[in-house]
Every structure is written in C-alpha cells, then in structure tokens.
Amino acid sequence: MSKSNTSSSWIAQFKPGDRVEVSSDDPGFRGSWFAGTVIRREAKNPNRYVVEYDQLYEDESGEKLLQETLDWIQLRPPPPPPEKKKKVQFKFGDEVEAFHSDGWWEGAITAEHSGGKFAVFFRGSKEQIVFEEKDLRLRREWVKGKWEPPFEQVQREKEVS
C-alpha cells in the first residue's frame with residue numbers, strides 16, 4: 001500500500017493483491033470490519049476499489065465469494081498481529097474488536113470471566129456476548145496511514161511478561 005498526499009486530504013492507495021479490511025455503513029453492520037483482498041482499482045474513479053471478501057458470499061449457497069466496489073475510505077490494512085512472545089492482557093473497559101459472524105466487531109469489555117473469557121458489549125446492536133481471548137484484539141483506528149493509538153504504544157501498555 002502506498003499513500004498519496006493531496007491538498008485536501010490523505011488518500012490510501014492499495015494495489016491488486018493487497019490484504020484489507022472493509023467497513024460498512026449499512027444498517028446492522030456499523031462498527032464491523034471484514035477481511036478481503038483488493039482485486040483492482042477502478043479506472044474511472046481511482047479512489048474506488050473492487051474487493052473480494054474472504055468469508056462473505058454472493059448468496060446462501062456459499063459457492064462464490066462476494067465482490068464489491070468500495071471507496072478507499074472504507075478500507076484499511078489488517079492491523080499487525082501482536083508479537084508471539086508477548087501476550088496482550090485484556091481488562092474491563094478495554095475497547096476491542098471481537099471476531100463474530102465472519103468479521104471483527106467494535107465493542108467494549110464489560111466483564112472478565114474465568115478461563116480467559118470476556119464479555120463484550122456492542123453499542124450498535126446493544127448485545128453482550130462472551131468471547132475467548134483468542135477472538136479479541138485491541139481496537140485501534142487507521143488514520144492517515146497510521147494506527148491510532150500507535151500499535152507499539154498500546155503493546156507496551158498492555159504487555160504482560
């Protein structure tokens with residue numbers, strides 16, 4: 001992925017084959033991110049991309065992966081994974097993304113349970129669901145080509161030796 005600076009704003013530029021996560025403003029999907037791959041950039045509008053999802057299909061048969069044409073603002077690279085030798089310690093109140101229904105959904109930890117499980121509340125759907133630690137990641141925003149808060153800073157604050 002490269003970036004383009006224009007007088008009005010920063011614009012991400014993705015290449016065919018780049019891994020991305022896609023956000024949606026559709027009702028019921030706000031605050032979610034779904035994994036996919038950039039297929040191509042639109043020739044007529046270079047700020048739009050055709051993306052094929054990893055786990056969303058065109059129909060109920062599940063035979064053909066869904067492709068959509070999306071604005072660049074709906075795309076971000078996948079966040080870097082935490083270092084294998086360092087463990088993130090989740091706690092009450094953490095803003096997280098939980099893997100649920102084939103995507104990552106923004107929520108907040110509302111309770112810590114035994115066995116490495118956490119209750120996460122989703123503001124959009126007003127649901128609370130319990131997740132295993134492996135299905136959680138710290139929430140951050142992709143802003144002008146950088147993760148906010150910076151990934152390294154969050155890692156340092158959350159690491160457990």
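From the backbone N, Cα and C atoms, a Cβ is placed for every residue, glycine too.
The feature domain 'Agenet' is assigned by TrEMBL to 12-83, 88-144.
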Sort the residues of the domain 'Agenet' (12-83) into helix, strand and coil with DSSP and give the three counts.
3 helix, 36 strand, 33 coil
Take every residue in the domain 'Agenet' (88-144), average their pLDDT values, and give the whole-number result.
94
